[in-house]
Amino acid sequence: MKDIKIKVNDLSLYYGDKKALNEITMDIPANKVTALIGPSGCGKSTFLRCINRMNDLIPSVSITGKMLVEGVDIYDKNVDVVNIRKKIGMVFQKSNPFPKSIYENIAYGPRINGMKDKTELDEIVETSLRQAAIWDELKDRLDDSALGLSGGQQQRLCIARTLAVSPDIILMDEPASALDPISTSKIEELVHQLKEQYTIIIVTHNMQQAARTSDHTAFFYMGNLIEMGKTNSIFTKPVQKQTEDYITGRFG
Amino acid sequence: MNSESPIKKTFTQESLKKQFRLSEFLAEKFISMIAFLSIAIIFLIFIFVFKESLPLFSFGSDAKAKTEAQATSANKPESYGTEPEGDLKPESYGTENAEDLKPESYGTETTKDLKPETYGSEPADDLKPEVYGDAPKEDLSVPAEDESVGAVSENQEGSDKTWNTFFTSEWVPVSENPRFGLLGLLIGTLKVTIIAMLIAGPLAVLAALFTSCFASKRVKEIIKPIIEMLAAFPSVVIGFFALMVLASFFQDVFGYDSRLNAFVGGVAMALAAIPIIYTISEDALAAVPKTYTEASLALGASKWQTAFFVVLPAATPGIFAALLLGVGRVFGETMIALMATGNAALVSANPFESVRTFAATIGAEMSETVFGDTHYSVLFFIGSLLFIFSFALNAVAEFYVKGKLLKKFQGK
Ligand SMILES: Nc1ncnc2c1ncn2[C@@H]1O[C@H](COP(=O)(O)OP(=O)(O)O)[C@@H](O)[C@H]1O
Ligand SMILES: [Mg+2]
């Protein structure tokens, strides 16, 4: 792995006294899709939210260890969390478009970054929606409320919204878990296309999805990182017994 | 069906038979009855209030009769302004009923010997107009026996004349020539309402935004109950505070002439409206899904941007409703208006001049007016106006919130 985007070093996270992540150390490659798998409650979401510091919102959380993005420790005192999140976008498990029009949903990010020019905004809205492969479906109804879209459309809109602020890294927390098979495959396809430009980290507990979409896979269990490697080798010849058990469906 | 092997059946007519659940039935009926009752009560209140102002609406033939009555009794209006009728009436009721004198008292003066006793030392000549003046009141309170008399002199003024004075600016209800100019009252009410809302609206909404978006849990637990406690302040206490403290303070600051004025009243009413607006806005803001906040923060928005551009807009319907309730509170607030606004019905745009509000007018004058008289009707008419206004306010809120905003936010 030559291009390391994120280096995690001995990262532990506590919810109050409860340890949810236990000394995680791993390297996440640039411009690849990394899948995080593991049974429910093993800490996948918690780990993902460490990467863009969303856990800051929970008062009881304390974190030790280092999270280096391109060599910079994002938990350093002098780092502004807002600037981190601009570069590290996030797509949530449950689609959460704003109660605004489709256009306003996409334009929100650029607007808060100070973009006012209407033509520039129009352009960003279009390219973002195109990137998210939803432009053709929505181009005639940009002024409609985003809440009137189907679940799959909403989720792709949320991806487009994330792309509109041109991040480097995109975090996805089970982005297709609430969607039908067709929408799911559209999202997977999208992930595949986006990895050329972005580093993508995707949480899933759908094994096939991990196998289909990712280049690397990390297996979490009870707050520990059990094993990480090329998706191929994890799914065909896992090193750890627990990984094998999980993949073959013997637990979880 | 074959009969020899009895199969145990789960689904028989018997087991699926419709059941009558008496207690549920009764509970349901009881709840719906209460609901209708409460609606009915609200409308009955309105009907009662409006009924009392009905004499104002008898134009045309009635009006003619009244103007005739007016013409035949040249000096009558005087009796309203100057006579201490309250003292006299009970006596006259008592004696008249007891001695069966009523028919005579309206006709020619056959009872000259009796009257001077009843009315004390007043000259007999001055008496007649007063007897006429009192007649309609008796007519309304006591079951009517002399309908002709009642109909003729129901209103001292014709309805037309009263209505004409409505659109003037003078509120002089008690005089030889009473004028019921609602314009001054309307402007006063609007002025106080606007001032109060300009102060209370932003303060309460921003305070709500602060508690729901910025404050830590502990700060929130302190601030919220404190502001809500303001709602429990009796308005007479707020009015007293405004009268004694605010009025002098603002006079020192701004240096205006009339110590009690629209501004002082507005500030005091803002104190009364803030807790209402705050509480409801806070609920609306707290009800905005956390997922919106997370989405915004994940896009690199600051807390401030998230609060103003995501949370606040998402809570607009609730905040709008809160503001309307605040307007309703201020509009109908009586005690603070009575105590802090100066109660002078002036037509002026200056916020530092005394004003008189609708509600304060009713509060101040209802106990001094004469039952059944035009002034009395006008006060009830104002009451109806207040009722209609707050009804319209709520209707607008309902339609605006339900229709326009929800459509906007939840797709077509
Ligand atoms: N806000 C929180 N406060 C306390 N504990 C939490 C919180 N969020 C998650 N946890 C706990 O942390 C563990 C990991 O949760 P999570 O990261 O959501 O798991 P996953 O996404 O893999 O299903 C779970 O045991 C969960 O109960
Ligand atoms: Mg999760």
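A Cβ is built for glycine as well, from the same backbone N, Cα and C atoms used for every other residue.
Annotation source TrEMBL lists compositional bias 'Basic and acidic residues' at B:125-140.
As annotated by TrEMBL, domain 'ABC transmembrane type-1' applies to B:186-397.
Annotated region 'Disordered' per TrEMBL: B:68-155, in sequence order.
Beyond the transmembrane segment (B:30-50), the same-chain residues lying 6 or more positions past its ends with a Cβ under 8 Å from any Cβ of the stretch are 380, 383-384, 387, 391. The transmembrane segment annotation in TrEMBL covers B:30-50 (among others).
Within the chain carrying the transmembrane segment (B:180-210), a Cβ under 8 angstroms from the stretch's Cβ atoms is held by residues 162, 165-173, 223, 227, 262-263, 265-267, 269-271, 273-278, 281-282, 284-285, 307-308, 311-312, 319, 322-323, 326-327, 330-331, 337, 341, 345-349, 351, 355-359, 361, 374-375, 378, 382, all 6 or more beyond its ends. Here TrEMBL flags B:180-210 (among others) as transmembrane segment.
Residues 256, 259-260, 263-265, 267-268, 271-272, 274-276, 279, 333-336, 338-340 of the same chain sit 6 or more residues outside the transmembrane segment (B:230-250) yet have a Cβ under 8 Å from a Cβ within it. The transmembrane segment annotation in TrEMBL covers B:230-250 (among others).
Feature annotation from TrEMBL assigns transmembrane segment to B:262-280 (among others).
Sequence annotations record features per position, and here TrEMBL assigns transmembrane segment to B:307-331 (among others).
The transmembrane segment annotation in TrEMBL covers B:376-401 (among others). Within its own chain, the transmembrane segment (B:376-401) is flanked in space by residues 45-46, 49-56, 155, 162, 173, 180, 182, 185, 317, 320-321, 324, 327-328, 331-332, 358-359, 361-362, 365-366, 369-370, which lie at least six positions past its ends and keep a Cβ under 8 Å from the stretch.
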